[in-house]
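Enquirer: The domain 'Glutamyl/glutaminyl-tRNA synthetase class Ib catalytic' annotation in TrEMBL covers 36-364. If you look up TrEMBL, you'll see 373-480 marked as domain 'Glutamyl/glutaminyl-tRNA synthetase class Ib anti-codon binding'. According to TrEMBL, the feature domain 'tRNA synthetases class I (E and Q) anti-codon binding' maps to 496-550. The annotation region 'Disordered' is assigned in TrEMBL to 151-178, 693-712.
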């Protein structure tokens, strides 16, 4: 029976090696019965990110829905694919478990590839005894030469040419001195590898696959390498470690996975995946490749994420600008938001870049219904009423005349309400709601000639006098104003928020896109957005937020006389607020409480802005520094657009020779235009060339899209 059928919604490219013998398939069916099993197998070499969230959504939910599997028969294993101890750590292992649980997924069980190392070792012995694995003493450079020769010969065959003319065999490389070792010698060397007789890199165990194959992933991949590194999960039991290519399919088979789901870059690894299982006479799961998540204005490469952290661009893996699950959680995204977003984008084989606005839209829907409302001022300016119309100063001495009942949510009465007191002798508005003129009618905030309404008060506010800082004349420190509560008062263009005199001082962190371009290039570090985090250290929020702060659990450990807030792992929205007219915010982990006085030092993170635009600041109120930053961003975006247009005029074979971002980086190229050597003449690694091939394929796709748009 084939592993895929035409009506299988998760059908993919078929291979002869993927066909299960009847007796093996019967045994698998007997074990699983009606159960359909998937797995989520991240490597603990970093924190999970939103791309992993898509994979979790597929493996724990969407795949079963596509297959029509009843909920009672759905099973998903959470497996640590921990075969590379140098890059893995106990910190990463703990973070993966924490994030999977927080996302709301319940695995059938949690497993570790490392706990199968003895069984994997035994399978390696089986391959050696079958003559399908051998110990090799080639160093990395020699392996690259061997693979390059095999690849050139395969290309010649595929194009109808004689490989012996295009790329003559070099006996030192193919077959080489190692491939035909005796079984006895291979067994002896492999056992010595396991006992620590050799240095790292001196020997590897390679699978004897097919050096004539058109797929380079069949060129005798490595199965074991020597590493004198203790393992973060099982300790220093082993000094040889199996590779991903050898381990992955075996673990899938032993765990009786029905569908092994991965991303499209693993499509060419389908051959070695099934070759290993064929060679060992093991059960073969079905394999399905889907497109990976590409989210605009961010990066999901673990290498780049690690660099963001290690080079100090971010505070850590849970920095709110990071696309990690930890970062998203700290920023205020909930499991429901992330899972709804992943379900919405689905899982197909089509490659695309998802707009970050899709995630923001889901967040607004979720938080709009559940977040508690409050008033705020990020850059507060003091206001004092000096003139009253339709009321008197004394009328506000009675709390009944200046205290308002505000619903915590206009759509959910169960969230209750809070009281808000207007303090006309001293209250605060946000500087962004004030300008020196109305910018030709485009600015709806308060100006010397334009009044506004005060939310909840029902009064109009008019400027009477502006008071500036004597030492810094451009800095506005106070507005003396007229309050109009008369019945015939003119209708204002807008109503602005305000904060009473007893508001809570806090720090507010406003987050924007991490990059200034939607698709960061190879020069991505130069494309980081300097405005990705804007901190308002002297912001104000109305006193009602303390009702929430008092319910939050703080750590029992003191640091500098303060206790930090504990992380909320419930996935709920108890710490979320809608700062009216500004956006959705959450109390950050840096918030603290004084151990003696009980006073709070609150920090808020903006999760997402509101759908409605914040009133545009008048031109004359925009600082020169802000103008400079805005202009720099426009220049960067224009430069990127020009570069993109220029790229679309370059043929695929000349991409790495003529595109600005690649000029001068490489000195030699193959027949397809893929760089083979860097500027210094050093040969590029296989991995580097593979990534460049992907860039070229992406460029080809962009050219096709352009041609379609132009009707060519």
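Just so it is clear, glycine is given a Cβ too, placed from its N, Cα and C backbone atoms.
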Enquirer: Count the residues of the domain 'tRNA synthetases class I (E and Q) anti-codon binding' (496-550) that DSSP assigns to helix (H, G, I), to strand (E, B) and to coil, and report the three numbers in that order.
Expert: 9 helix, 22 strand, 24 coil
Enquirer: Could you pull out which residues elsewhere in the chain have a CB under 8 Å from any CB of the region 'Disordered' (151-178), counting only those six or more residues past its ends?
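Expert: Residues packing against the region 'Disordered' (151-178) from afar: 134-138, 142, 145, 206, 211-214, 216, 219.
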Enquirer: Across the domain 'Glutamyl/glutaminyl-tRNA synthetase class Ib catalytic' (36-364), what does the pLDDT come to on average, as a whole number?
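Expert: Taking every residue of the domain 'Glutamyl/glutaminyl-tRNA synthetase class Ib catalytic' (36-364) together, the mean pLDDT is 97.
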Enquirer: In the region 'Disordered' (151-178), how many residues does DSSP call helix, how many strand, and how many coil?
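Expert: Within the region 'Disordered' (151-178) the tally stands at 12 helix, 0 strand, 16 coil.
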